[in-house]
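Student: Heads up, here are the entries from TrEMBL:
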BINDING   Asp16, His203, His205, Asn239  Mn(2+) binding site
DOMAIN    7-268  domain 'Pyruvate carboxyltransferase'
REGION    391-519  region 'Regulatory domain'
Amino acid sequence: MTKSNEVLIFDTTLRDGEQSPGATMTHSEKLEIAEMLDEMGVDIIEAGFPIASEGDFQAVSEIAKLAKSATICGLSRANYKDIDRCWEAVKHAKSPRIHTFIGTSPLHRAIPNLNMDEMAERIHDTVTHARNLCDNVQWSPMDATRTEWDYLCRVVEIAIKAGATTINIPDTVGYTAPRESADLIRNLIATVPGADDVIFATHCHNDLGMATANSLAAVEGGARQIECTINGLGERAGNTALEEVVMALKVRNDIMPYTTRIDTRKIMNISRRVATVSGFAVQYNKAIVGKNAFAHESGIHQDGMLKNRETFEVMKPEDVGLSGTSLPLGKHSGRAALRAKLAEMGFDLADNQLNDIFIRFKDLADRKKEVFDDDLMALVYQNDTSEDRLKLKSLRVVCGTEGPQTADMVMEIDGADVKTSATGDGPVDATFNAVKALFPHGARLQLYQVSAVTEGTDAQATVSVRMEEDGRIATGQSADTDTVVASAKAYINALNRLLVRREQSEPGYDVKGVSYKDT
Ligand SMILES: CC(=O)SCCNC(=O)CCNC(=O)[C@H](O)C(C)(C)COP(=O)(O)OP(=O)(O)OC[C@H]1O[C@@H](n2cnc3c(N)ncnc32)[C@H](O)[C@@H]1OP(=O)(O)O
Ligand SMILES: CC(C)C(=O)C(=O)O
Ligand SMILES: [Mn+2]
């Protein structure tokens, strides 16, 4: 068979993937995933292991009926009963396939207690039986990568002669390494008579974290079918991840000139669905489909991305079905990303305004994992405090069941630091009493309101405080991850505004060094 550059994608999420402890999917979930696989262009769907249970049989049978373009395959051990049951399930498919396997390594030959010759005979008989039922037969020597190479060549030849159309070479325990993976397939193709008439497949597990590399190496060695699962779901450390091999072949087509039929824009959607139905969440830093795969938090990367996205991304997020790159703001972010985010939110800021917000943003990001749009909004709407007469320098509040609540506060008033300790009925009351002690005033509190602007226990609280004195009303606002700090700042902000109003209504009024109450 002339080797084209097309690599067939064989998805086994519903069979090997489901073998992950705890990943069992319901009947309807399996059908839904199978439809998604079919639509995304998977060439062969291994829909289950029909002899395993009535449920598996039903799922494979129904998937066989609904598949529009994919070949539907079922797994069976090397015995007639399994193979017959498998055929019963897949035979309704437009394109059915029987997959039969047996362990060929010394360790696995010992399990059914077959010597090399007896096993060879079993392979001949079972593959012949499968081929008499179906003209599309895949045969796998389980644990191929720990099987003696000469014996592997011998049994592969037998399977081909018995009618197998695909020879799958499983690295069942994730033991091989890229060079060996390529050499093994290359050697089989070069040595086994009839090898050119079949497709060689690679089926890798990720026990040593090499499943993707081993699969790609096998393709370089001549394999033209990759067996894989969505999100790399599968036994133990999982199988080769479909999204990884497909994107690797797409992105590095310059050095791996092979194609697949996969519509890569459907990757994210199916990844999320498989994560949900299997209950196996995708790790944040998982290649291609992890939450952080297209997210950049650090300032230098964000700046680079804003100037040219190729600086830190080797593929487009749109190519895997995402709407775009994300530049989450956090403690490592810089001004470029902050400016871009604020511009996206509709704020066109001058450099000095941006610098002011940036300082407060860094201060917030030091205390908070991620800074959200609403956090930024709160920062933007917080006033520039550089002109304020009254500033909060520090606050420590003791609260809890053992009262009284106490607030130790340092304020800067007209450039001089003053400090006090005050008690109150609760931490906010104690805090406000501390402000009153440091800056005695006659203004009355009209309104005190707290709301959380973002979610989570590290969310910012926005506090509004409305004060009134002599008919003048001023509202102060502040946001902070500490509600009491936000309250103190909002209260002081309101007082500063009242002072400004007073200056404005009484021109020439000299507030320097004069206590507000004394005036
Ligand atoms: C590497 C892989 O992923 S292989 C696929 C693994 N997947 C599964 O096993 C999931 C589905 N399996 C099942 O539901 C069950 O194991 C069944 C229904 C297939 C068999 O159940 P049981 O009859 O109770 O057998 P049990 O699971 O205890 O043992 C497996 C039997 O299959 C035999 N066996 C294992 N692989 C093969 C094979 N490829 N060909 C022939 N026989 C095999 C074992 O020698 C053992 O036989 P024994 O009962 O005569 O000792
Ligand atoms: C059944 C075979 C192909 C398998 O899953 C393996 O060997 O890992
Ligand atoms: Mn496997």
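Counting begins at 1 with the first residue displayed.
Just so it is clear, glycine is given a Cβ too, placed from its N, Cα and C backbone atoms.
Annotations in TrEMBL come from automatic prediction, not curation.
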Student: Out of Asp16, His203, Asn239, which binding-site residues lie by ligand 2, with a C-beta less than 6 Å from some atom of it?
Tutor: Asp16, His203
Student: I'd like the Cβ neighbour count for Asp16 (Mn(2+) binding site), meaning other Cβ atoms within 10 Å of its Cβ, all protein chains included.
Tutor: 24
Student: Relative to the mean position of the Cβ atoms of Asp16, His203, His205, Asn239, the recorded Mn(2+) site, which additional same-chain residues have Cβ within 8 Å?
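Tutor: So the extra residues in range turn out to be Thr12, Pro170, Asp171, Thr172, Cys204, Ala211, Glu227, Cys228, Thr229, Gly234, Glu235, Gly238, Thr240.
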Student: Counting other Cβ atoms within 10 Å, pick out the least crowded of the binding-site residues His203, His205.
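Tutor: Ranked by other Cβ atoms within 10 Å, the binding-site residues His203, His205 bottom out at His205.
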Student: Indicate whether Asn239 (Mn(2+) binding site) is helix, strand or coil by DSSP.
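Tutor: DSSP call for Asn239 (Mn(2+) binding site): strand.
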Student: What same-chain residues, at least 6 away in sequence, bring their CB to under 8 Å of the CB of Asn239 (Mn(2+) binding site)?
Tutor: Thr12, Asp16, Gly17, His203, Cys204, His205, Asn206, Ala211, Glu227, Cys228, Thr229, Gly232, Leu233
Student: What counts of helix, strand and coil residues does DSSP assign across the region 'Regulatory domain' (391-519)?
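Tutor: Helix, strand and coil residues of the region 'Regulatory domain' (391-519) number 35 helix, 53 strand, 41 coil.
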